[in-house]
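Copied over from TrEMBL:
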BINDING   H42, H68  heme binding site
BINDING   H245, H250, H268, H272, H347, H350, H351  Zn(2+) 1 binding site
BINDING   H271, H326, H330  Zn(2+) 2 binding site
DOMAIN    7-85  domain 'Cytochrome b5 heme-binding'
TRANSMEM  179-199  transmembrane segment
TRANSMEM  224-244  transmembrane segment
TRANSMEM  281-303  transmembrane segment
TRANSMEM  309-329  transmembrane segment
Amino acid sequence: AMATAGPRSFSAAEVRARCAQGACLVSCHSRLYDLSGFVRLHPGGEQLLRRRAGTDVSAALDGPPHRHSANARRWLEQYYVGEIEPGDEQQLLLGHGKGFAAQNCEAAAQLCAWYWGGLWVPQHYNHCLLPQDLVDWQKPLLWQVGYLGEKYDEWVHQPVDRPIRLFHSDFFEFLSKTAWYVVFMVWTPVVLYLSWVSYTSLAQGNTRLFSSFTTEYSIPVHKYYFPFIFLLGMVLWSLLEYLIHRFVFHMKPPASNYYLITLHFLLHGQHHKSPFDSSRLVFPPVPASLVIGFFYGVLRLLLPEVLGLSVFVGGLCGYVIYDMMHYYLHYGSPKKGTYLYGLKAYHVKHHFEHQKSGFGISTRFWDYPFRTLIPEETFKKED
């Protein structure tokens, strides 16, 4: 039988040399991690991680400014590449806070393969070094998760950095994936066209509110009201976004119900399991059109035709903004101190630690009245 090679050892000098070439290696006590493929996604910003390259981050994981969750620490293990040579740990610990500027970011990609058990393993696939999972990742997951039963809820909220395949069929798998720009390209022309239809219809002066109940006291809806009706639709969307995320996407399916577990994973569970799968961060247009059509029908029943259309198009614009923001909160690098920077950190906390709160995505507003706001972290001052 062939002997299995143990973890590779790295000297402090080798770690510093690789960081100087563009890699982002950090240690936690004696364990070494390559975060080169993760720096752009880090909620605290790429520069924060770059500054810590070549240092020991064990103290930083406990904060301040942020105390990393158990899921964050589990996530870190996916990037494990080896051990620091005995006696060199202190050198990296002393280097804490100095870091290394990336002189050549492209060189980092060449440094992301490590020798393990007779094979060169790409850094992005170091998940194969983790303990055996409850599912077979070589097969479509959608038909497996229902069998997890009581283990499903805990499993689905332990995020991993790897792509997900849902279906056996290549056709259905293709339909389940969407690039972020597809949502913008499909729905923006619809928003512009329906906005024009709504405004020109209101300009005819035939739209009146409450006309189905009374003609004497009905209220005319002028074309100048369109921007305000449009904004009302956007506000209603933000509420709908919160309610769907909280009560539909975060329903807890009964452990004994295979089909509800499968449905939950299809709707939202797969996003929590693999939050950085770039092809599954926005809603595919085909199923989206069915949901959007349903809400359009509801508005047509509740409001006069043109008024309902005006509210609808505002809501549709809100949806497009939401989907674009959601993608950016996962893959963007907002500047520290900006609104989006705080929103990105807030949303990542929802994924990694506070899955039962923080349901607002494009805004935290509705988390306040519904009392689901993620609490601010506090740290005791040392004497």
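Placed from the backbone N, Cα and C atoms, the Cβ positions cover glycine too.
Curation does not apply to TrEMBL; its annotations are automatic.
Around the Cβ of H245 (Zn(2+) 1 binding site), the number of neighbouring Cβ atoms within 10 Å comes to 18. Taking the centre of the Cβ atoms of H245, H250, H268, H272, H347, H350, H351 as the Zn(2+) 1 site, the nearby residues of that chain (Cβ within 8 Å, site residues left out) are F249, H271, Q355, G358, F359. Inclusion criterion for the binding-site residues H250, H268, H272, H326, H330, H347: a C-alpha placed within 10 angstroms of the C-alpha of H42 (heme binding site); this criterion is met by H330. Beyond the ends of the transmembrane segment (309-329), by six or more residues, the same chain brings 180, 183-184, 187-188, 190-191, 194-195, 197-198, 201-202, 226, 229-238, 240-241, 278, 281-283, 292, 295-296, 299-300, 303, 340, 343-344, 347-348, 361-362 to within a C-beta distance below 8 angstroms of the stretch. Look at the domain 'Cytochrome b5 heme-binding' (7-85): DSSP puts its residues at 32 helix, 17 strand, 30 coil. Straight-line distance linking the Cα atoms of H268 (Zn(2+) 1 binding site) and H326 (Zn(2+) 2 binding site), rounded to a whole number, equals 13 Å. Cβ packing within 10 Å was compared across the binding-site residues H68, H271, H272, H326, H351, and the lowest neighbour count falls to H68. The Zn(2+) 2 site is set by H271, H326, H330; from the centre of their CB atoms, other residues of the chain with a CB within 8 Å are P275, R280, L281, V282, Y327, L329, H347. Comparing local CB density within 10 A for the binding-site residues H250, H268, H347, the maximum falls on H347.
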